[in-house]
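Q: My structure is below; once you've seen it, I'll send some questions.
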């Protein structure tokens, strides 16, 4: 029924998955499947599968995790490894190494994280300390999801818009990683954390020597992940730490190792890790008054307002202020309506938002379910609003430039 793919077919699928657009499309499909499954006659099986513990004997080493936790702690480590490679490449050899070019997207990213956090906090100020733990949920943008929407509606939009979104998202990812590491680590096992430096150092030595021995690198990566997990720091940070050791610059005319590893692992991240995370985390029941309960929760209201309103005000406001009060100028191909559409697009928060929701309120909790619903609703609303603005701008650019 499912014949084995040829080498050419395998390569073709991998190339497709290397594009953010395809990754976003697969992510959307996985999220929809999760929602359908969680609200189908087989909804009970969804809870059974996500709550299943594959290795009950792993309790002594803290690895008696259920499927949902393996998805958020394990699979997302691959996603953060790819993000880390991209971050280092951008800072060493990309746009972010030029302070003048990087200034506007960096300020826009910082403001686009700060304003949603303020909006969320203002709404939940009197909802109790527990509610305030979710302040970081609306701060991050899901770049794969956002680029998938942009690709569908923006065939004639200037390339500068996509480049700005990509650069902003890189900074956004870096700050989101810092937020998770600093604010969502409750206690640290110093011995385990220091022990993680040993496999990291060995991994760094091999990659600096350009030795891509998978039989050595993979066990070192797994050891790093296990020790970081045991330390109390979220295990996905292990992926970032390992990525930062990989050299970026070329040698003897060959692409840098960071680029080559990103080329290998991006399809795994986009086609397997992130979609499975979405499948096992995004399923939330909409039956029996669940929607009404979520809409009455200030946490859910704060998440929606932060993503949709906070991102728009933060990104657009910072970009406008930079153009108004500094020497920075808007690209000649762009208008402020283009920037407004892009700012709305950054309100699509998914992967990191769901992860932070789990860290803040616990996976499977009632409030955690409200957060999942809010993230999905806000992302859908932001995508719709951005589509309205950018479709109009796409038509305008098409008239100016012609159909080609």
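Any Cβ shown, glycine's included, is placed from N, Cα and C.
These numbers come from a predicted model, not from an experiment.
Pulled the feature table from Swiss-Prot, pasting it below:
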- 22-42: transmembrane segment (TRANSMEM)
- 67-87: transmembrane segment (TRANSMEM)
- 103-123: transmembrane segment (TRANSMEM)
- 134-154: transmembrane segment (TRANSMEM)
- 163-183: transmembrane segment (TRANSMEM)
- 187-207: transmembrane segment (TRANSMEM)
- 213-233: transmembrane segment (TRANSMEM)
- 276-296: transmembrane segment (TRANSMEM)
- 298-318: transmembrane segment (TRANSMEM)
- 336-356: transmembrane segment (TRANSMEM)
- 371-391: transmembrane segment (TRANSMEM)
Q: What residues in the same chain, six or more past the boundaries of the transmembrane segment (371-391), come closer than 8 Å to it by Cβ-Cβ distance?
A: 31, 35, 134, 137-138, 142, 145, 149-150, 153-154, 157, 281-282, 284, 286, 290-291, 294, 299-301, 303-304, 306-308, 311, 337-338, 340-342, 344-350, 353-354, 357, 360-361
Q: As a test: from 187-207, 213-233, 298-318, pick the stretch that has the greatest number of Cβ pairs under 8 Å with the transmembrane segment (134-154).
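A: The stretch with the most contacts is 298-318.
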Q: Report, as numbers and ranges, which residues of the same chain sit near the transmembrane segment (103-123): CB under 8 Å and 6 or more residues beyond its ends.
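A: Distal contacts: 95-96, 132, 134-141, 164, 167-169, 171-172, 175-176, 179, 298, 301-303, 305-307, 309-311, 313-315, 317-319, 321-323, 326, 328, 343, 346.
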Q: Three or more CB pairs closer than 8 Å, sequence separation of 6 or more: does that hold for the transmembrane segment (67-87) against the transmembrane segment (298-318)?
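A: Since fewer than 3 Cβ pairs under 8 Å link them, the transmembrane segment (67-87) and the transmembrane segment (298-318) do not come into contact.
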